[in-house]
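What Swiss-Prot says about this one:
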type	residues	note
BINDING	Phe34, Ala35, Gly36, Gly37, Lys38, Val39, Arg72, Asp118	substrate binding site
DOMAIN	2-127	domain 'Nudix hydrolase'
MOTIF	37-58	motif 'Nudix box'
Amino acid sequence: MKMIEVVAAIIERDGKILLAQRPAQSDQAGLWEFAGGKVEPDESQRQALVRELREELGIEATVGEYVASHQREVSGRIIHLHAWHVPDFHGTLQAHEHQALVWCSPEEALQYPLAPADIPLLEAFMALRAARPAD
């Protein structure tokens, strides 16, 4: 079975995270997800994330700590999804590949119809965040 490596960005600003709505003509249309995409053979996960966020959102991202990985089978392929925290970026967000973008708290994000693969990543991020010492 083919394995596909995918990276996802949990972009955080002022305590809120960014969700992106999948386009109407896509697989899992209308569901909300973390921006990201496939890792090319010649790049690291961090490099892939910076490239994907530039392509999808028009931003230059600062990739922070690794959050979690999740694996699931989709259409006869194994998708290995890796989430990274993005605590900072430069540029103005633009939805190049998504229907809509929304900022919300991680708790509010659970109320959105999320892409199933992103739910365990959000939960892992919330657990990490809860364990962080207060500034």
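In case you wondered, yes, glycine gets a Cβ from its N, Cα and C as well.
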Greatest inter-residue Cα distance in Å for the substrate-binding set Phe34, Ala35, Gly36, Gly37, Lys38, Val39, Arg72, Asp118: 18
Nonlocal residues around Ala35 (substrate binding site), in sequence order (Cβ under 8 Å, 6 or more apart): Ala8, Ala9, Ile11, Leu18, Ala20, Glu52, Leu53, Glu56, Leu57, His98
Surrounding CB atoms that lie within 10 Å of the CB of Gly36 (substrate binding site), all protein chains: 26
Three-state composition of the motif 'Nudix box' (37-58), taking helix and strand from DSSP: 13 helix, 2 strand, 7 coil
Cβ-Cβ neighbours of Gly37 (substrate binding site) (radius 10 Å): 17
